[in-house]
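Features reported for this protein in Swiss-Prot:
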BINDING   3-17  FAD binding site
Amino acid sequence: MRVLILGSGVIGTTTAWYLAQSGCEVTVVDRQPASGLETSYANAGQLSFGYTSPWAAPGVPGKAVKWLFEQHAPLSIRPTRDLRQLAWLSQMLRNCTAERYAVNKARMVRLSDYSRDCLNELRASTGLEFEGRQLGTTQLFRTQQQLDAAAQDIEVLAQYGVPYELLSPAQIAQYEPGLAGGGAQMAGALHLPEDQTGDCRLFTQRLADLATQAGVQFRYGQQIERLEHAGGEITGVQIDGRLVTADRYVLALGSYSADLLLSLGLHLPVYPLKGYSLTIPIVDAQRAPTSTVLDESYKIALTRFDERIRVGGMAEVAGFDLSLNPRRRATLEMVVNDLFPGAGDLAQAEFWTGLRPATPDGTPVVGATPYANLFLNTGHGTLGWTMACGSGRYLADLMQGRTPEIDTEGLDVFRYLSTRSTRPHREAA
């Protein structure tokens, strides 16, 4: 079976790997000169299998109004003329109930839990290295209210057997001794020991190298223009003015996936959540994070690489704007100085922004479409790397006609389509 994958970020590349391992003839197309150079380039560096939660949560609508007037708010909304922004925000608000939050979080944890197992198997079988650590995430709560609100998340963790440990303020330094050098006061913390860290760009590019050795063809520097279709199937993709054909197609273009589907009559509610990061060279390892620390107040993660600290987070609903906002840099620097003062050289930090492809309910869109030979793998939001291996392997199984190893309920695009939309009949490859 010949498969054409559109997009070579961490999602497209992991999908290519698992399809190649399944015996498919795989080609990956991307506009960049290498894999992992857009949203995967400088994300927060987290593999947050335990800390998997939708942004659409109870209390967020009220907080969003408050955040409009705060300098260091974790979420900001900049209205555009794009009506899809308004529609996406409206759908997100409808998912901010306790009932919808529980359903959405359970779906996300299910996929993340599976993805952890897939990643561990991948590392064991290939020896893939990406400056990774397996020392967990420590989620910091500055207020008792935040600590109390974590109770619902802990219920879901317990339901899925995800290990966790609640920490008193005095216990936090056992996992992150560098925090002792800061002046921030904490009400407590949640430690998730199975979470991991690393450089997503390194992971993506080194996996692309392994995939190339396995026979995958990567075609870089090529512009994907449109999907051609007839009779309920994709007949090819216009790339740099020529038609490229395959037996099956995978759309893994992140925030740009929705535009390509419009000509097919599919309205995919994937919208960019703009995030920022700083990559800081370490000058004092004793003051630096040991693994990943997540500041619940500012939704900012501080992650340790070998000789660098990656500080990332925040979410701007601002369309496809890739400009660098100096106010966001100030927020990142403020959190670093508050938690790990003197750990890194901020003057030498690399400031970056990327567009995370987010759905209104937080769950990605992975699976079949009404077009018999078109599959989607997008909409992972802030958890693309966390869910990448599980999403890629699940999709490879689905496309090969094998029964997936996890419950697929609520993962594909059909949860957003009208009841008149039908799933295409498929035969095993």
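Keep in mind that glycine also has a Cβ here, set from the backbone N, Cα and C atoms.
Secondary structure at V3 (FAD binding site), taken from DSSP and collapsed to helix, strand or coil, is strand. Following the DSSP three-state reduction, the secondary structure of G9 (FAD binding site) is coil. With the fewest other Cβ atoms inside 10 Å of its Cβ, the least crowded of the binding-site residues V3, I11 in this structure is V3. The Cβ neighbour count for T13 (FAD binding site), using a 10 Å radius over every protein chain in view, is 29.
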